[in-house]
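Comments concern the structure below.
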Ligand code: SER
């Protein structure tokens, strides 16, 4: 059965059990401080488990892209070395939100595996949670009793907390689980060792395929467990492993999920995949790593996460660099090639995941550029690492050196660790951490270092945002907690039953303002952010009386300026698509009261004519004074039917808000001006590249434009005054430039004459030493003049040794050495060596060829000594 069919059969099966089938959410998470990537199929549904979001469908199924490369679930080290771990993998899942529980989850999983996929019951094992005394958790006898109806008891195994109590991360929903394992070994092997004894022991052919989690608890920040308001089902089946079992192969990489990419790697690199299963064959490992990593990187880019130097972007960059290095070292690929695999990936996955098709060109470009830039330093870095390892007496490399490699050559720590482990070496991890920490302490002061648990005053997880309609409201505090960060010290996070404060999102910064207590005290809100489903107000203090009603007041001026920039951003987007073409897609945006920044896909520089046209387009829409047409809570399809630009990034269950100004229609949660005329004026400040194929425009609107023009005018007035207020300033500047050019020419001519005169004088000062015409002297010429002088003199001699010093400024010195080519060759003199060595006296350095070299330095005081010592080179 082909992988496409395996995927659809899963979805069809759960559809027949009344599940809503939903598309995969993007892998990169936006509003979750505890997690960077979706690392399990349940992550996009977290709020439903916690009771923080209204349930749309009580039964849902999907195939979710997951990435396990950081935090609690991290498989990166295993990838490629074995045949069944991946960075990106698909997780087939079915969910019950407070609906069915263990009985149905188990019955359906069994029915699907044994009746739909027709897997032989004799190759299946299941596990159940054995309980945990420390946490006062009991054995899951309920699951045991249900399984007994389907499978013989010797195939039901007990599992400990590590394997059979599933947790998403340090905090969040969790519960006991029951895993289904599959034994695909040969009959011979099975006869020798029982499958039951290999379950959960990392055997490549006795692997877990499906995990059924019975969600019952929430793990709190203090480590304790609390019961969830309702029980839920979360199941996750490893799609690639299921394909391995159903396609009768022994490795995930032999399924049709991977074979097209592996064939393409073979064609490009001319290296054959030998299909060795276990660690050892480096070319096979390299091919598996690349086949795996390109999927993770391309899908991240398609989901809007570009490689970068921080956070999620850095994780992606590290994965790609790991793949590049494997290609470089083991497949001898010295030129970019991984980007070429994106086309195959898009062909193969594009139907199930349209985002990869839509973003194929961008993913190719970005990966190619990353490859180019890393390959430039890779060779040097590897050489350095070689030298380091050659000198590693005790087999442990200094952690500081490993850090330097990261800092200077962009070698991520895990990559260096990998290269070292291939050589049987290790490095001092504490030293590395220390060096990293020192750098972080220097550079970054804003890391959150402590977050308390929430103090819940009122059970209300449905905080309503009312800030589209009002900027003030009477509110009640529902929960708060203290957060300590290095940069801001102690702050309080406040959550209300409703709020007019806009939380940072969709590029727009969070609102600022204040909360007024009944006795008139003001608590300032310095920022507002969204975390999962809660809108969090950052305040410096807590109100004295937590249970009274407060007046929440948004700062009107900041909000209006943000709104002005946000509406202008939409008009800019429309202008770009109209003027540059519909290939333009939003890739990032920042909207603050001060300015707006918009990143978009476009493959060449935007010319100044185009920029002018774009600016004019937006200003024309401003002058038309278009009215805002807002539609809230409409289904996504309805918005798209009205022409809204569909952005990948919305997830299942999100009702959308459509914002229309004339022909511009966007899905947007941000705040806007009621009429485009309120923007006043739009002015582009800069245009440039952020990454290959991604451009950035920065612009201002409203009062910022007024300030900008005032500034320009002030400068202009100053310039006019410098020219004594002429009628035509441009003419005055042009005259000045012409005059300057004429003077420059005259100076050049004078200097030439001076050099000629000097040449006559100097010729008389030559001293014959040891068969050499020698002169060391100070001259008052610039670098070019000295060069001309030396070569003019040189024409008449075959045995000339000149050493000139000059100092055009008090803190600048220059040395020049000229030696006739014949003399340099005959006696092995080297002008480069002369200036290098004597350059030290003027606190500088330089070099050149053996017949002509110069050195620059900061210490003219060293000139006399240098002139004196020059003679010593004539031997
Ligand atoms: N959350 C569980 C897992 O990731 C099942 O979906 O294994």
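Including glycine, each Cβ sits where the backbone N, Cα and C put it.
Feature annotation from TrEMBL assigns domain 'Alanyl-transfer RNA synthetases family profile' to 1-711. Mean model confidence of the domain 'Alanyl-transfer RNA synthetases family profile' (1-711) amounts to 90 (pLDDT, 0 to 100 scale).
Cβ environment of residue 668 (Zn(2+) binding site): 506, 566, 570, 657, 658, 659 lie under 8 Å away, each six or more residues apart in the same chain. Sequence annotations record features per position, and here TrEMBL assigns Zn(2+) binding site to 566, 570, 668, 672.
Summarising the annotation, TrEMBL assigns coiled coil to 733-772.
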Sorted by position, what residues of the same chain at least six away from residue 672 (Zn(2+) binding site) have a C-beta under 8 A from it?
563, 566, 567, 570, 628, 630, 659, 661
Using a 10 Å radius around its CB, how many other CB atoms surround residue 566 (Zn(2+) binding site)?
25
Could you find out if DSSP has residue 566 (Zn(2+) binding site) as helix, strand or coil?
helix
